[in-house]
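According to TrEMBL, the Mg(2+) 1 binding site annotation covers Glu467, Asp548. The Mg(2+) 2 binding site annotation in TrEMBL covers Asp548, Asp550. TrEMBL lists 10-19 with the feature compositional bias 'Low complexity'. Residues or ranges marked as domain 'Toprim' in TrEMBL: 461-583. Look at TrEMBL and you will find 1-20 tagged as region 'Disordered'. Marked as site 'Interaction with DNA' by TrEMBL: Lys492, Asn495.
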Amino acid sequence: MSEERDPLMPETETPAVAEPAEEIDSYGEGSIQILEGLEAVRKRPGMYIGDTSDGTGLHHLVFEVVDNSIDESLAGHCDDIVVTIHPDNSISVVDNGRGIPTGVKMDDKNDPKRSAAEIALTELHAGGKFDQNSYKVSGGLHGVGVSCVNALSRMLRLTIRRDHKVHVLEFCRGAVQNRLIETNDGVAISPMRVIGETQRRGTEVHFLPDSDIFQQNADFHYDVLAKRLRELSFLNRGVRIRIKDERTGKEDDFSGTGGVRGFVEFINKGKAILNPNIFHATGERMSDQNTMIGVEVAMQWNNGYNEQVLCFTNNIPQRDGGTHLTGLRAAMTRVINKYIDDSDMAKKAKVEVIGDDMREGLTCVLSVKVPEPKFSSQTKDKLVSSEVRGPVEDTVSKLLFDYLQEHPGDAKLIVGKIIDAARAREAARKARDLTRRKGVLDGMGLPGKLADCQEKDPALCEIYIVEGDSAGGSAKQGRDRKFQAILPLRGKILNVEKARYEKLLTSNEILTLITALGTGIGKTGGQSGADDFDVAKLRYHRIIIMTDADVDGAHIRTLLLTFFYRQMPELVERGHIYIAQPPLYRVKAGREELYLQGPADLDKFLLRVALIHAEVHTGDDAGTVLRGEALERLARRHQTVQGIINRLGAFMDVGGLRAIVDGVTLNLDTVEQAQESAVALQERLPDAEVASEFDTRTDKPVLRIIRQHHGNRKTSTITQDFVHGADYAVLTEAAQTFQGLIGPGAKVARGEGERRKEQPVQSFHEAMEWLIEQAQHSTSRQRYKGLGEMNPEQLWETTMDPAVRTLLRVQIDDAIEADKVFAMLMGDEVEPRREFIENNALLAGNIDV
């Protein structure tokens, strides 16, 4: 125990004791650090782009670059944007705007004086958006966007096409690479490198996020990027935005037809629409602060029960709404209430309408354009500019009233829907009161079939939702009862997509689930806005769906996900919903038996087995023999290289990739260098035709590799982006490692004594292939089929033990697409579902027929 001195006692009464200098917790002038340039971004990246561990910050990098291109379009200088996800997980964003200025800023205080483009990418709060001359309205308000991307990228290559020249600048973690320094009138300057001429214009940013910063969830998700680009295409009419994923070949072309009105049509596609004539309002209003606010809003109702309102300021989404949403809701409530009162429909129905009733089944997109907007944080999730509410409220009030008067048929359907919602709310309140009187939702008693856990802290507890009593029995026996609860559900639960709220409360299985979770559900009818669902009452912070790997299991899992998404969306948003992942393989080597999750784990296992009593005789003059850790390091590097070749081989020439590993160096910066690379590659590929071309679509040289097979002609491409990417760097590093490693007379051996086998080889690749083949022969593998085959011990060892299990967390990358999929697969409309099944039937796997 340490002894503390009374702070009121004079210091002289405590004799000073000399301590070693290293033990003194000093806080002096040396403790004050100055983080210059982009160091602050790398030190605290979360302050600038959001969380770097859950994927949001990673995707925010792309959005920062794209927003610059969109700003060019808002200024009237750009109408085409292309985003590409490359195989090495790098991103390139290309636009046809004016191009970042490339001239050297002679008033730069740096030595040498830098180009405007370099300053824009290396200095925080440097850009052209701090006055309203270059950009009247801009999303990149804080001026740290692209410079943040540069600071957090292991590689960034900036290509600017401007003034008929192609300018290039390369960075590594924010620092310029291969800097060019010249002298102009005795002043040292550092211009951008010019690599060619062009008739095109625009900016291209190709970057690879730094794995030191993004250590978790470091892969780009196509759906996350596509969602944002689709939004931008609708919000910026006249801009064509394309996205292509070179990892999978998937691509989309968003033209934003119809603007905000078209956005609402897209969201409601496949749903039963109430008002075919979409309410669409647009206008500009002067705010009370003498700034011109642009407002555009579109609204349409469907027969669903969920509200979907998307808010944007200068193309930036506000997940938490803000003053523009407040203005919209105030105008809606006032205008629709007046219309209902004038029509006496509510009196005849004997119900009282509240704001929630008006928004049931509503799909709305609200977009405002605001000079110098104010947000609650750097992530811009909430608009706090007070001057925006008035213009939004004025615009919507006047034009919505006119719409209801001019479209009486649509207005009647909308008001009928609102009154139905009010009636349903009242019926749900009565059903809730009845259910509560029976003691089902008051939390006093837990379901009898629930096998609860002993732990009382929800953060440490988890519940497994299993199908049927038999699976529940195995899970109950195999679990750790200290923190794992089991809830077996009988049969398939109610499809909530087709059911109103009051019907939910008549389903025993759903009531059992609600009671077990403890959160309550839905809204009370007594007070406007009061909500019975309370996530703070959640009894388990991990809700794990564990069903069989057959069609029935998949259906039950889908019904449960529909329930959580529609009735308890906050559980999904907060990451509380998981899906159990049983192993895919059971393997046995000698006395060792393991469960493996997938092909990658199987490859690692086979490599480990292959290296047991293995050695490679390199055949050099010194008689070198590789074994143990030395052989393992080389084998793992070879496995990494082989994984890259297998992944890229789906759309690139495998022989060309293998030639890079064998030592062929490629350079596609200029047409001349591309021609030299084609000649070098052709020497290694005598059975193929290699040619260099200038791709006018990308304005870059490429290599084409053409092969003839049984009369079929196959062409693959090596691009400049690939040569500057991470995959090429790994392949060239491997070339330096393996080149010259294996000489004449080399051989590989495995085993001991009488079981020893040998094989002559001509390359390290041949040696590894032989070793893996031997490992396959010495192991037995079983493809695992599902939970139904497991006893309680196996269920714990593979699927429930936190130390070894794999769980999939359910998250919504694209809320609009998720809403469309749930409505299509689980809703009443048959035709969209049939069309989806016909289009995707061949992609289905694990069909239980």
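Yeah, the Cβs are placed from backbone N, Cα and C, and that goes for glycine too.
Shown on the structure are the features that TrEMBL records.
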residue: Glu467; record: Mg(2+) 1 binding site; DSSP class: strand
residue: Lys492; record: site 'Interaction with DNA'; DSSP class: coil
residue: Asp548; record: Mg(2+) 1 binding site; DSSP class: coil
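Cβ neighbours within 10 Å of Asp548 (Mg(2+) 1 binding site), excluding its own Cβ and spanning all shown chains: 21. Per DSSP, the secondary structure of the domain 'Toprim' (461-583) breaks down as 53 helix, 24 strand, 46 coil. Cβ neighbour count for Glu467 (Mg(2+) 1 binding site): 24 (other Cβ atoms within 10 Å of its Cβ, all protein chains included). If you take the Cα of Asp548 (Mg(2+) 1 binding site) and the Cα of Asn495 (site 'Interaction with DNA'), they are about 19 angstrom apart, rounded to a whole number. The number of other Cβ atoms within 10 Å of the Cβ belonging to Asn495 (site 'Interaction with DNA'), over all protein chains shown, comes to 16. A sphere of 10 angstroms centred on the C-beta of Lys492 (site 'Interaction with DNA') encloses 14 other C-beta atoms. A distance of 16 Å separates the Cα atom of Asn495 (site 'Interaction with DNA') from that of Glu467 (Mg(2+) 1 binding site). If you take the Cα of Glu467 (Mg(2+) 1 binding site) and the Cα of Lys492 (site 'Interaction with DNA'), they are about 8 angstrom apart, rounded to a whole number.
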